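Scroll down for the structure; my scribbles are underneath it.
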Amino acid sequence: MELLALRWVLLAGTLLSTSAASSALQEGDLGSITVIMDMALNSFDDQYLLCEDRMRARLQMENITEFSTNIAYAVTWRQAAAEWQKRWGHLARPMQLIREQAIALLAYSASSRMCTLFNEATRQGGRSHQDYIHSYHFKTLHFFLTQALFALRASQPRCYYVYRGVRGIRFMTQRGKSVRFGQFTSTSLRKEATVNFGQDTLFVVKTCYGVPIKQFSFFPSEDEVLIPPFEVFEVINFSNDRGSVKIQLHSKGKMSTHNCELLKPQGGQWGRGHQEVGLGLSPGLSLPVLPCRRRVWEGLGHREGDPIPAAV
């Protein structure tokens, strides 16, 4: 009898230990992967320096083609255009941004589905000239987002301390390393706002080329700051405490390997673009796409009870 009682005690202890271990594993997110940060050299990082007017003229036809091949992009852009019309369509004075720039920011903030497709394409769109011309179907969005960030920064040039939580990826790096996100990256001025977007990695970032887009977002409460793909950061600090990664980055300039790519002759070789920091560039594996911040509302549908922007 005593032996039976002892077995029950041991079994109960085993079950409790298993339950505790299971809970701890859930908190650590078993689905997370480990990724080493790099300079994202496959990224399409065009800054369109000295070719803005020619790009606008060329993109008038490109946008029609892109809409026909990318339904998520087309639907989200139309919804963003409707929201622009509602907010600013009847203003008598010029806006801080031109219409297309404001719509691009609204579209980026509206749908995590389109954002994910866009970021995936942007991180690989710089592999070759042919890939960009024939396979990168976000040329218009990339151009107007880039121009919007430059315009907003010109009106208030300063640096911001921002935060970004990530679910599903534990990024690895080392102090002193130069890195880029290689995509348009959403961050927040409020640390508490990052918790809902994941805790496997926390980025604490000093950005000098990212700008607040609260005025041009479907979700102004997030206090979003959008960082461009060409900004270069130095890793100031890195820690990995029981599976929770914290990375501190400081802006050290900007670097693009491509410029005005759409205007180059077909079959032309890519030349090095605009560079403002001295970096030793070496080809390497491309960093997987940083997940888009989850949006409560999705541009291609919604869940019952979720708020939907009034323009839809």
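Using N, Cα and C of the backbone, Cβ positions are placed for all residues, glycine too.
Going through TYR73, TYR108, TYR132 against Swiss-Prot, the one listed in the NAD(+) site together with ARG164, GLN183, SER217 turns out to be TYR108. The two recorded residues, ARG164 (active site) and GLU224 (active site), show a Cα separation of 10 Å. When the record's NAD(+)-binding residues TYR108, ARG164, GLN183, SER217 are compared pairwise by CA position, the greatest distance found is 18 Å. Checking Cα-Cα distances from GLU224 (active site) against the recorded positions (CYS51, TYR108, CYS159, GLN183, SER186, SER217) with a 10 Å cut-off leaves SER186, SER217, in sequence order. Counting only residues at least six positions away in the same chain, the Cβ atoms of LYS206, THR207, CYS208, SER251 sit under 8 Å from the Cβ of CYS159 (disulfide bond). Across the structure, SER217 (NAD(+) binding site) and SER186 (active site) place their CA atoms 11 angstrom apart. Taking a C-beta cut-off of under 8 angstroms and a sequence separation of 6 or more, TYR108 (NAD(+) binding site) has the following same-chain neighbours: MET114, CYS115, PHE118, LEU141, LEU145, PHE184, LEU226.
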